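Structure record follows, encoded as structure tokens.
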Amino acid sequence: MAEWKTITTYSEILFERMDHIAKITINRPEVRNAFTPDTIQEMIEAFTYCRDDESIGVIILTGQGDLAFCSGGDQKVRGNGGYVGKDKIARLNVLDLQRLIRVIPKPVIAMVRGWSVGGGNILQLVCDLTIAADNAQFMQTGPKVGSFDAGYGSAYLARVIGHKKAKEVWFLCKPYTAQEALEMGWINKVVPLADVEKETLAWCQEILKKSPTALRFIKAAMNADTDGLAGLQQIAGDSTMLFYESDEGKEGRDAFVEKREPDFDKFPKFP
Ligand code: S0N
């Protein structure tokens with residue numbers, strides 16, 4: 001088994017790395033890795049670290065133990081306007097985390113063992129890829145427990161598995177096996193429970209051999225198709241980043257700083 005090293009110690013998640021791979025583990029197995037606003041805040045901090053660290057190329061999101069990836073929002077801390085953490089403010093900050101996973105310009109892989117339920121299953125959905133153990137089960141419970149995700153959890157789910165299936169998932173609230181989820185295109189691969197981390201790491205190693213800029217643009221392009229102007233903003237920002245690195249981009253900056261007219265004539269006008 002791989003040697004993981006702690007990056008930062010948190011109270012509700014584990015945050016580790018191995019070379020260029022980061023792993024974020026929801027660490028509340030006693031409640032099937034249900035999340036509180038504090039769990040989410042810790043995950044936001046860990047994902048932000050991964051985004052900023054140039055040496056991290058791929059991120060794994062998982063849950064502690066074999067019984068659950070995540071069982072969604074912790075119903076025992078659900079207040080009247082959201083989930084209540086240490087600061088006593090009712091929040092739905094999992095929505096901020098969903099956006100962060102979408103915009104982080106590096107592949108994020110959900111590694112699912114056991115239950116993937118409710119808001120936890122939406123986190124799995126918004127990850128770029130999902131590798132599941134053969135004991136994984138996928139389920140939405142919102143209409144049973146008085147909640148729903150009408151954003152990525154519904155509209156994006158319909159894009160991924162189709163409208164009829166997405167409605168079935170939400171209207172019936174029944175569990176689907178890993179094999180059924182695979183057949184729906186909800187996840188990428190099913191492997192025996194004992195092999196799930198080995199397989200996930202093998203996918204990470206393959207991804208790490210690829211051009212990070214190419215991966216960044218592919219992820220942004222696929223998200224732009226579903227995220228409207230926010231998706232366009234992401235891919236436009238990525239293009240600006242590349243342009244800033246070019247001699248043509250630098251000429252504009254340098255001319256301003258040197259108080260002279262820019263000389264853009266020397267740059268090719270490609271067809
Ligand atoms: C996960 C299930 C199927 C596991 O069943 P199993 O293995 O039989 O275990 P249990 O005995 O049921 O559970 C073991 C212990 O864990 C506690 N527990 C489990 N899940 C939760 C939970 N979500 N919150 C709090 N505690 C949980 C059990 O209570 C038990 O502890 P004890 O023995 O002490 O009672 C099964 O447990 C299950 O069905 N769990 C509930 C799943 C669920 O309904 N989740 C919530 C769904 N809703 C959301 O997630 C909303 C998310 C959200 O925040 C949101 C907000 C706005 C917009 C979008 C979203 C979004 O969806 O993302």
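Positions of Cβ are set from backbone N, Cα and C atoms, glycine also.
The substrate binding site annotation in TrEMBL covers Arg32, 71-75, Tyr83, 115-119, Thr141, Ser147, Tyr244, Lys259. Classification of Thr141 (substrate binding site) by DSSP places it in coil, neither helical nor stranded.
The hydrogencarbonate binding site feature in TrEMBL is assigned to Gln140, Thr141, Gly142.
Counting only same-chain residues at least 6 apart in sequence, those with a Cβ under 8 Å from the Cβ of Tyr83 (substrate binding site) are Phe35, Thr36, Pro37, Gly73, Asp74, Val77, Ala90, Arg91, Leu92, Asn93. Under the heading site 'Important for catalysis', TrEMBL lists Tyr83 (among others).
In sequence order, Lys250 constitute the residues six or more apart from Tyr244 (substrate binding site) in its chain with CB-CB distances below 8 Å. According to TrEMBL, the site 'Important for catalysis' annotation covers Tyr244 (among others).
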With the Cβ under 6 Å from ligand 1 as the test, give me the qualifying entries from the binding-site residues Gly72, Asp74, Ser116, Thr141.
-> Gly72, Asp74, Thr141
Determine the Cβ neighbour count for Gly72 (substrate binding site): the number of other Cβ atoms within 10 Å of its Cβ.
-> 27
Which of Arg32, Ser116, Gln140, Gly142, the listed binding-site residues, has fewest other Cβ atoms within 10 Å = Gly142
Using C-alpha positions only, work out which of the binding-site residues Arg32, Ser116, Gly118 is nearest to Gln140 (hydrogencarbonate binding site).
-> Gly118
